[in-house]
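As recorded in Swiss-Prot, the features of this protein are as follows:
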BINDING   170-225  ATP binding site
BINDING   Asp298, Glu311  Mg(2+) 1 binding site
BINDING   Glu311, Asn313  Mg(2+) 2 binding site
DOMAIN    140-344  domain 'ATP-grasp'
Amino acid sequence: MKSKLRVGLVCGGCSLEHEVSLKSAIYIMKYINKRFFEVVVLWISKQGDWYIVENDDMHIDFFVNKENLHKCMPILMFSSGNRCFEYINNILSLDVIFPIIHGALGEDGSLQGLLRLMNLPYVGSDVLGSAICMDKDITKRLLRDSGLSITPFRTFLAHEKKKLKFLNFADMFGLPFFVKPVNQGSSIGVAKVNDDYSFHSALDIAFFYSHKIIIESCIAGRELECAVLGNNENPITSVCGEIIKKNDDFYTYCDKYVDHNSEIVIPAVLEKSVSSKIRSIAIRVFQILNCFGMARVDIFLFGKDRIIINEVNTLPGFTSDSMYLKLWQATGINISTLLTRLIMLALDRYYKYN
């Protein structure tokens, strides 16, 4: 009988989405097909230190208690000032890596570059696709230049902050409009602007998270999402889902992970022609941005059939509340099958291009 594939599940990380990453990893551990895969959990602490965590310890309470660190096997230590490569053979003997670190350094191409240097197959987009989709400015430019509709926006760097005037953007975009850091996920650092005070507060917040921000118009359309699965040449799409907010605000981090202050409708109530158009555009977006493995394409539906691309997430959440998983479940692919497909796609890409 063929031995199981050893999967390195990389979680945690230094980003603001550390806890979400842990929840995703725990959920993956629960549903991955253990007949086919042996999982080795590689946890990156908030300080950037790497540890191997025993599978039995994979629960949130374990990571909250710092006294549990002694139970973990150190692999690569940075916070102490030493760069110690102990137990590195445990990494090199892995068959494939499943990175589930959300946000900065995890889905922006940084971790993907490290894995490429180590010559390891890994789930999800490559360095280029990850970096593109993490930068809202670059994503929008590429989609716009490819003829797709995007939300009107302007980009600014930190040194330009003092020249930014509320009235200029109120005239340009109308009210309200959004201020966003270019490189954060889960709506972190995003603010809706209605007046001069909220504008300057939004600038402070956005520039705290990034040296580059975008200011964009607020689209009063239906908020829809479509999941994509596959490698660049043959992706498939899920049914569409809709996020219906219970208030007039945008879909915040708390809505997604804390308060659940929105209604999710899957499949979204759409005319068949509109649904097909959205799914076709999602595939085109996936290919234009050089995505591999998976992505979630977020769009606005304006009027009957005007589709505007909002954002693309190359490493969506894998928790019980995650839209990506719910979309595939409604399409007929359960999480266990989805995880297996993602791992096989990673191996297929690796052996095809290496």
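The backbone N, Cα and C atoms fix where each Cβ goes, and this holds for glycine too.
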Query raised in the report: By CA distance, which of the binding-site residues (Ala170, Ala191, Ser198, Ile219) lies nearest to Asp298 (Mg(2+) 1 binding site)?
Result: Ile219
Query raised in the report: What is the interatomic distance between the Cα atoms of Ala191 (ATP binding site) and Glu311 (Mg(2+) 1 binding site), given in whole Å?
Result: 16
Query raised in the report: Around Asp298 (Mg(2+) 1 binding site), how many other CB atoms lie within 10 A of its CB?
Result: 19
**Report entry** Cα-to-Cα gap, Ile205 (ATP binding site) vs Asn313 (Mg(2+) 2 binding site), nearest whole Å
**Finding:** 22
Requested in this report: Compute the C-alpha separation of Ala170 (ATP binding site) from Asn313 (Mg(2+) 2 binding site), stating it in Å without decimals.
Outcome: 28
Query raised in the report: How big is the gap, in Å, between the Cα of Phe177 (ATP binding site) and that of Glu311 (Mg(2+) 1 binding site), rounded to a whole number?
Result: 16
Query raised in the report: Which residues does Gln184 (ATP binding site) neighbour through Cβ under 8 Å, counting only same-chain ones at least six apart?
Result: Leu16, Gly103, Ala104, Val190, Tyr209, Ser210
Query raised in the report: Which of the three DSSP-derived classes (helix, strand, coil) applies to Gln184 (ATP binding site)?
Result: coil
Query raised in the report: Hey, does DSSP put Ile219 (ATP binding site) in a helix, a strand, or just coil?
Result: coil
Query raised in the report: On the 0 to 100 scale, where does the mean pLDDT of the domain 'ATP-grasp' (140-344) fall?
Result: 93
Report task. May I ask for the distance between Glu311 (Mg(2+) 1 binding site) and Ser198 (ATP binding site), taken between their Cα atoms and rounded to an integer number of Å? Result -> 23
Query - Collapsed DSSP category at Asn313 (Mg(2+) 2 binding site) - result: strand
Query raised in the report: Can you name the residues of this chain that are 6 or more positions from Lys212 (ATP binding site) yet have a C-beta less than 8 Å from its C-beta?
Result: Asp135, Asp137, Thr155, Phe156, Leu157, Ala158, Pro181, Val182, Asn183
Report summary line: Integer Å value for the Cα distance linking Ile219 (ATP binding site) with Asn313 (Mg(2+) 2 binding site) is 19
